[in-house]
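Database features, via TrEMBL:
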type	residues	note
TRANSMEM	66-85	transmembrane segment
TRANSMEM	92-114	transmembrane segment
TRANSMEM	144-172	transmembrane segment
TRANSMEM	192-214	transmembrane segment
TRANSMEM	249-269	transmembrane segment
TRANSMEM	275-300	transmembrane segment
TRANSMEM	307-325	transmembrane segment
TRANSMEM	331-353	transmembrane segment
Amino acid sequence: MKYKMTINNFILASIVFCFPIILADVYFRDDIPRAIYSFIGLSKLGRPIADFTYSIITGFNPGVDISPLPLILSSVILAIISFLLSKKVFQCTGIFGLLVSTPIISSPFFLQNLSYKYDNLPMTLSVLFSTMPFFINRDNKLKFYLLSTILLIMALCSYQTAINIYFCLIFVTSIIYFQNNNFSFKAIIEQINFFAPLLSAIVIYKLIILNLFIDSQGMGRSSLANINNIINNIIKFNDDIIQLVKSDILYLIIPIILIVFFNSICNLYKNKNHFFLSIAIFLISIILSYLSIGGISILLDEGIAGPRSYMSFGIFLSLIFYLSIKTNSNTLKYLSISFIILLISFMYSYSYAYGNALKTQRNYEMVIVNNLFNRLSEINHDNKKKVFISGSIKTPKLTDSIYYMNSSMRRLNPLSEWSTRFIVSSYDLNVDWSWGEYEEMKNSSRNGEYDLVYKNNNYTIYKTKDGNLFVIF
């Protein structure tokens, strides 16, 4: 009996992958001030559709926490994207279609995007908008150009780095085409046509949307990097990928990559007249599709914001899976399928480990913050003194033991001073939210200029010269 691939299979796979984040139920980083002060504020970062999306699903009360509804909707949207890509782009059916496109659902890096209660839905919609041009019939060139441009503007207005997905898919579709068809210059021109709506969308977004919505903070994030910073961004992005794969799964990835190159050479050799040119195009496309994982962030002065920027990683991995089973050898095909199943199992295990890491880290943080709140309430009973916080709450041993599974998991939930300030301020303490590390105050405390009020293994409280409180973790 043949396996029939349906959308329900993808929805189930997606919900199972997202379930650990639902179970963890953690206010993730930026979520805390949004929940406290009932605001989203993503329009100021050039993302007006992100604000609009959340306003619609909350009855135009954008700061209301309605989780896990956005995450459930995101998981369904991811399933739809994966299902359509398997049919329209990879053109795989049955179990092959499910295996090839599962990484689009289960990318370890996308877990950080899904962790934001207020932001996961706009980020997922941006993925949908970036992939939809590849589902449009291209017979009518003008219609394709206009619709694709509109969709890409919508993607940029939802989450800018999703544009990397469109960029990646240009090269993915090129590779797939030349694997399945004879080489032709007409086909190359057809693929180049994909760049027209991309460039148009970027120009319109920069000239209109940024000028209408973005503030100085957002404008600073959109400035282009110099060549040295671009190189550093590439190195950082490459290090993040290596950190993910340098564990035991490397023994699965290496044979898959070898099979990919063997299969690709065999498939391209059928066109002997343009064999070397086909190989060159294949290698360039592979390299560019890999670089698209870092994508636009590589070119910006702000650099890689975090794993959430690697939105096309799942697409790239799906390409690798597709190329590994694109063979006439049943032995190689089923060997690849075995490796793919093991890698998918790892990605799902990674999700559940990450969910537990989120939960154990936050449970530990709340114990420390409860203790700090009680101590500060005794010292600052009228809550009039300003509380300045430096440093971050450390990672507990229980969470560290989870991170041993894969060190890249730490990058998904990094420790940061401003995040610690958000957590402490959620107790309605008079916490200063100024951006920075308070170096001058730290130096004053080290030099004995501040009075020591309280100290334990987790934090130290000082009284500043003007009577405020300075907490160092």
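From the backbone N, Cα and C atoms, a Cβ is placed for every residue, glycine too.
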Query raised in the report: Do at least three C-beta pairs under 8 angstroms join the transmembrane segment (331-353) to the transmembrane segment (192-214), pairs 6 or more apart in sequence?
Result: no
Report task. Establish whether the number of Cβ pairs under 8 Å between the transmembrane segment (275-300) and the transmembrane segment (192-214) reaches at least three, counting only pairs separated by 6 or more residues. Result -> no
Query raised in the report: Counting Cβ pairs under 8 Å to the transmembrane segment (192-214), which of 92-114, 144-172, 307-325 comes out on top?
Result: 144-172
Query raised in the report: Which bits of the chain, at least 6 residues beyond where the transmembrane segment (92-114) starts or stops, bring a Cβ under 8 A of a Cβ in it?
Result: 2-5, 9-10, 13-14, 17-18, 21, 71, 74-75, 78-79, 81-83, 85-86, 120, 123-124, 240, 244, 306-308, 310-311, 313-315, 317-318, 321-322, 325, 337, 340-341, 344, 347-348, 350-351, 354, 406, 408, 412-413
